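Undergrad: Right, I'll just put the structure down here and ask away after.
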Amino acid sequence: MSHPECGYLSAAEIPLSRLYICMAGVFFTAALVWVYTLMKYSVFKIHWLMAALAFTKSASLVFHSINYHFINTEGHPIEGWAVMYYITHLLKGALLFITLALIGTGWAFVKYILSDKEKKIFMIVIPLQVLANVAYIIIESTEEGSSEYNLWKEILFLVDLICCGAILFPVVWSIRHLQEASSTDGKAAMNLEKLKLFRHYYVMIVCYIYFTRIIAILLKITMPFQWQWCYEFLVEVSTLIFFVLTGYKFRPASNNPYLQLPQDEEDVEMDEVVTESGALEGISKVKKTCNGRERQKESTL
């Protein structure tokens, strides 16, 4: 079989290899800037998880670009590079939803402890996200005209939307919790600041989901064939904007309202009340979670 002059990819797919490698460079640069920012402050583990997500996204795009390059030049993907792309793509998908869920629940910043309903979200979303990524890999390696292609494409779209919907629940719960705290707590001003931040974050996630899952797909359908690569460009740019805005809103700065932990007695993780004489009579231990939702007194008589 003779080698096509312009390569094996269609006109809509030829720019993808260059697009992915350029976006990989942009994500890598953003990740370096983020790490440089983290080095200047005292940070939480979630901040490093956000850095890992940006680097993984960059690596995924590099392998995606290499994959498309070999498909264009050789007519088929090179197995080793394809496997590396699929591994980084799976890892990126899992890291994205874990990071969004952890930020949405306030874990590692405010609460340190996940409630049962928040744990259930993780138990549902993470396996579904793995299924969505497996469906994507099968779509990538299946002929477009086959019956399996359409089936897995529908599964991917449905599972992806379920994941995106489920990930909004922790943010909604956190907003509700802060609303309740704002009306009862003396630290209302701080809670209101956090409430605004969560509301902005909720709007950001909704806009990101709508744009990448619905509007971008509608644009892809209406675009001329040779401009179909613009769909991928829009998705990658919107993902970059979402990453940058998330990093900006939850950056480890001293004036970030999300990182200002309430200092009143209700939010002390463990408070021990002991008599001055050290006698055992009347000694009690008070255990509290750091969001003040759970209290338990144990008599140590």
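Positions of Cβ are set from backbone N, Cα and C atoms, glycine also.
For 15-257, the entry in TrEMBL reads domain 'GOST seven transmembrane'. The transmembrane segment feature in TrEMBL is assigned to 18-36, 48-71, 83-109, 121-139, 151-173, 201-221, 233-250.
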Undergrad: Given the transmembrane segment (18-36), which of the listed stretches 83-109, 121-139, 151-173, 233-250 has the most Cβ pairs that are under 8 Å apart from it?
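TA: So the stretch in question is 233-250.
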Undergrad: What stretch, picked from 121-139, 151-173, 201-221, 233-250, has the most CB pairs under 8 A with the transmembrane segment (48-71)?
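TA: The stretch I would name here is 233-250.
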Undergrad: Give residue numbers and ranges for long-range contacts of the transmembrane segment (201-221): same chain, 6 or more residues beyond its ends, CB-CB under 8 A.
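TA: Here the qualifying positions are 100, 103-104, 157, 160-161, 164, 167-168, 171-172, 175, 228, 230-231, 234-235, 238-239, 242, 245-246, 249.
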